[in-house]
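Undergrad: Feature table excerpt (TrEMBL):
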{"type": "DOMAIN", "residues": "1-228", "note": "domain 'G-protein coupled receptors family 1 profile'"}
{"type": "TRANSMEM", "residues": "7-34", "note": "transmembrane segment"}
{"type": "TRANSMEM", "residues": "40-61", "note": "transmembrane segment"}
{"type": "TRANSMEM", "residues": "82-106", "note": "transmembrane segment"}
{"type": "TRANSMEM", "residues": "126-145", "note": "transmembrane segment"}
{"type": "TRANSMEM", "residues": "177-196", "note": "transmembrane segment"}
{"type": "TRANSMEM", "residues": "208-230", "note": "transmembrane segment"}
Amino acid sequence: ALRTPMFVLVGSLATADLLAGLGLILNFVFQYVIRSETVSLLTVGFLVASFAASVSSLLAITVDRYLSLYNALTYYSERTVLCIHTMLAGAWGVSLCLGLLAVLGWECLHDRAACSVVRPLTKSNVTLLSASFFLIFLIMLHLYIEICKIVCRHAHQIALQQHFLTASHYVATKKGVSTLAIILGTFGASWLPFAIYCVVGDPDDPSVYTYATLLPATYNSMINPIIYAYRNQEIQRSMWVLFCGCFQAKVSFRSRSPSDV
């Protein structure tokens, strides 16, 4: 049941967030405990690739939710599976390339004047990363607005068929729209401070400013499992089986469709 496109994307997001947490630890160690410019450069590249993969996975999940509603009748076809795998391959490929930019020479170890607020990344490198984030944020905003329109249109069609909008349909529609608002609001609040600071920040500012704006982004990786996984009952059932070694039949779980927003 967990081998559907939606859960593949959730697995990709979980992997990216796990690697991002590991990258933060390694970067801190080699920046302040075991000082090594070369290894620090590698950890920065690893960190950039991990966070880029996390953001890209969020975009892929947004696209998947849109497709599951827009093409509901053909969503479970082989074409959708191929589309999801292609999106994931592209997301991780682009993320890896962004992480390798600094490792392959786009860094400021030998030119301190070119450094950005995220040393040893250059100002142009960080500007590219920030621009990529703003583009992804705008795409997600547009897709979620379209999803809200589809959800409201479905509720309106149900109301016309039944001659009135029942309380349950109204509550479900309101819950779906509010969930999308929470997802997008959490994503924006987590990443916007760091993306804006990367553009307007001064390289001579203390490093604590960079970490202070990056901290909310790490919160996003902590919140992602709650938003995308914990609330899904299929994943809850699998966690029972995995950690308890058994499944209590008396506990009822409802299988959720990828169309659930």
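Just so it is clear, glycine is given a Cβ too, placed from its N, Cα and C backbone atoms.
Annotations in TrEMBL come from automatic prediction, not curation.
Could you tell me the structural context for the features on the list?
TA: If you look at the transmembrane segment (7-34), the same-chain residues 6 or more away from its ends with a CB under 8 A from one of its CBs are 40, 43-44, 46-47, 49-51, 53-54, 56-58, 60-61, 64, 84-85, 88, 91-92, 95, 218, 221-222, 224-225, 228-229, 232, 234-235.
Note on the transmembrane segment (40-61): residues 6, 9-10, 12-13, 15-17, 19-20, 22-24, 26-27, 30-31, 84, 87-88, 91-92, 94-96, 98-103, 107, 109, 118, 120-121, 129, 132-133, 136, 139-140, 187, 191, 217, 220-221, 224, 228 of its chain, located 6 or more positions outside it, place their CB under 8 angstroms from a CB of the stretch.
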Undergrad: Report, as numbers and ranges, every residue of the chain located at least six residues beyond the transmembrane segment (208-230) whose Cβ falls under 8 Å of a Cβ in that stretch; write 'none' if there are none.
TA: 10, 13-14, 17, 20-21, 24, 51, 54, 58, 61, 117-118, 182-183, 186-187, 189-191, 193-194, 196-197, 201, 236
